[in-house]
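Chemist: Sharing a structure, written as structure tokens. Questions coming.
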Amino acid sequence: MGKKAAALKRQKKTETQQDDSDRVASVLLMDEKPKKKWHNMWIRTLYTLLMIGGFFLVLASGYIWSIVGVLIITVMVYNEVVQIACLGAQEQSIRWFKTMSWYFLITTEYFLYGESILYYFKEIVMVDAFMIPFATHHRFISFMLYVIGFVFFVVNLRKGQYRIQMAQFGWTHMALFLIVVQSHFIVDNILEGLIWFVLPVALVICNDVFAYLCGFFFGRTPLIQLSPKKTVEGFVGALLCTLVLAFGASSLLMQFDYMICPVQDLGATAWSGVSCDPKNPVFRSVPWALPAIVQYGIHKLTQYEIQQIWIAPVQLHAIVMACFASLIAPFGGFFASAVKRAFKIKDFGDSIPGHGGLTDRMDCQFLMGFFAHVYYHSFIKKYYMTVGSVLTLVINNMTNKEKLELLERLQTYLVNQNILETDQIPPTLLEKAQQYWSG
């Protein structure tokens, strides 16, 4: 009885706090008291600048630190979200819930990062005798790890707690998909080239900042009931500013090989002299003929004859991403607002003063990163045959005799093309191998 009374008391207190926060949130930024409004703005501005500075510092530190940063943020956001369900588990005295939540997180990360390592670094993994069994059976190992967790969950089901246990199992898997899986696509974006990580992140930050500023100074019309402080003026103003930034930021980022080259060396930094060849054609400016009416208008205004302009395709792709960041990605934030209202909490945490928890800042980033990944692989990525992909085909699909024959024919080809001299080929390696397999 004592536990139930305490739980009811906490629930009533939480509902009262939520009602108060709803009343505060329903006041538009323009209508807040000036002292409070400007105080909140300066706090948000200070911590926004600190976060942006940290973001650039991590980028300059190298690819590996960018990936580690994404992983740390993912774990912290996952922890904030799972904590909501953990409170209910503690009240119901449900055993092992937190342990299983972390177990499923580790299992999911093992599967996702293993897939990325196998995809992007085959030439390293597939020649290591110790790693080959893990590489060839990675998916089976990952599946069995998940099955172990699933069986452990079923074994711990308790009479009278089925509903809450099933709800928390579903909550954990929703968090895994919406946070862990989507954030891992952001890691893949880094490996394809930092620009596909930096540009989407920058667009969401820009949209968020200008939505706040435009709403702060001009907002009068509420946009959506889930987020009463969001205004139509802020939404439209942020869209226009994000479109401008997308064109300018893509123009700047495409100038640096460190940004546009796919990752070859995880240890490389901004000062490592990264280069790649061939480069993706989207980074090459091409002439675009202007419509006749536009040429006429320019001539009337400037007296200059301009028939074409030079634009790189990546700048147009950036415009598409800006539209998604402005029109669709905010719905990730609205979804997070709905979750907070459903659980009667104001913020997911208090780790960032003026902003709430990390989840409150990253809610749009996950959806945007997922979109950038799908869009890049659908419309931008150029598929080239790599040493790693060829090596995987050879190892997994050829017998040892076929591998030796391939080696012999490849050496013959290199000699015939004058790429290798005959005396450069080790004389004993191929002969001994052929004798071994023939004898």
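Backbone N, Cα and C atoms are what each Cβ position is placed from, and that goes for glycine too.
Below are the features listed in TrEMBL for this protein:
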TRANSMEM  45-65  transmembrane segment
TRANSMEM  71-89  transmembrane segment
TRANSMEM  101-120  transmembrane segment
TRANSMEM  140-157  transmembrane segment
TRANSMEM  169-187  transmembrane segment
TRANSMEM  193-219  transmembrane segment
TRANSMEM  231-249  transmembrane segment
TRANSMEM  314-336  transmembrane segment
Chemist: For the transmembrane segment (314-336) against the transmembrane segment (45-65), do we get 3 or more Cβ-Cβ pairs below 8 Å once near-sequence pairs (under 6 apart) are dropped?
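Modeler: Result for the transmembrane segment (314-336) with the transmembrane segment (45-65) is no.
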Chemist: Which bits of the chain, at least 6 residues beyond where the transmembrane segment (231-249) starts or stops, bring a Cβ under 8 A of a Cβ in it?
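Modeler: Answer is 28-29, 199, 202-203, 206-216, 218-223, 315, 318-319, 321-323, 325-327, 330.
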Chemist: Hey, which of 101-120, 140-157, 193-219 has the most Cβ-Cβ pairs under 8 Å against the transmembrane segment (45-65)?
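Modeler: Per the Cβ under 8 Å count, 193-219.
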Chemist: Other than its close neighbours in sequence, what residues sit by the transmembrane segment (140-157), given a CB gap under 8 Å and a spacing of at least six beyond its ends?
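Modeler: Same-chain contacts beyond the ends: 95-96, 100, 103-104, 107, 110-111, 114, 134, 165, 169.
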